[in-house]
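Structure first, commentary second.
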Amino acid sequence: MIELSHEEELRYNRQIILKSVDFDGQEKLKASKMLIVGLGGLGCAASQYLAAAGVGNLTLLDFDTVSLSNLQRQVLHCDARLNMPKVESAKIALEQINPHINIETINAKLDEEKLAEIIPHFDIVLDCTDNVEIRNQLDRQCNHMKVPLISGAAIRMEGQVSVFTYEPNTPTYRDLSKLFRQNVLSCVEAGVLAPIVGIVGCIQALEAIKVRLKIGKNLCGRLLMIDGFSMNIREIKLPTNME
């Protein structure tokens, strides 16, 4: 059984005093294994709060390197680490945030066969990518392995978050993508305002913790939509098995 050190008890005190977390929940977070796919704006925001919250084992997956245009919103990276693999840059920053956790990196673009090999080793997967092909691969494999997927997206001044637990009669990312039949733009094409990716990434981290600890009401079956321009936040119910 994994236990907290005295220093960790002090570090996580403000979470431990929450009745829904307590010592048992914090120890469960320490024992947890989460995969973060994409270390751009969403992944940077989500990973730093998961690290700070004491998720004991984070694996960072990305195949890109840090560029100057990333620094406007990808807050774990910096000028000194330009051209460094994003996973290595993020690891350096996260280890400074919390030296008590274990951080592994995968600097590669994994095909679906390789994703199928690694996903069963995790309790939660966070989809922080802007790549439709990878999103669909993660959805298929997480669905097959019944590993919860926390999905986020942000563009312009808009963001969205949903949770897929793959329990019976719950929607998948495939259902969501069918609901929004449209061409997917990237930040390169449409632009993005920095704070919106932080908001979405933080919500992803929050939902990951809630799902792992089985607390609160998570976003399974719902899509949270954030319009930063008008500061309007709404949700829609997602259909299941949409043809």
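Cβ atoms are placed via backbone N, Cα and C, with glycine included.
When Swiss-Prot records D62, S69, N70, L71, Q72, R73, K86, D130, N131 as binding ATP, the matching candidate from G25, G41, G152, G159 it lists for that site is G41.
As a whole number, the greatest separation of Cα atoms within the ATP-binding residue list G41, D62, S69, N70, L71, Q72, R73, K86, D130, N131 is 20 Å.
Proximity of L71 (ATP binding site) to non-local residues of its own chain (separation of 6 or more, Cβ distance below 8 Å) is seen for H77, C78, D79, given in sequence order.
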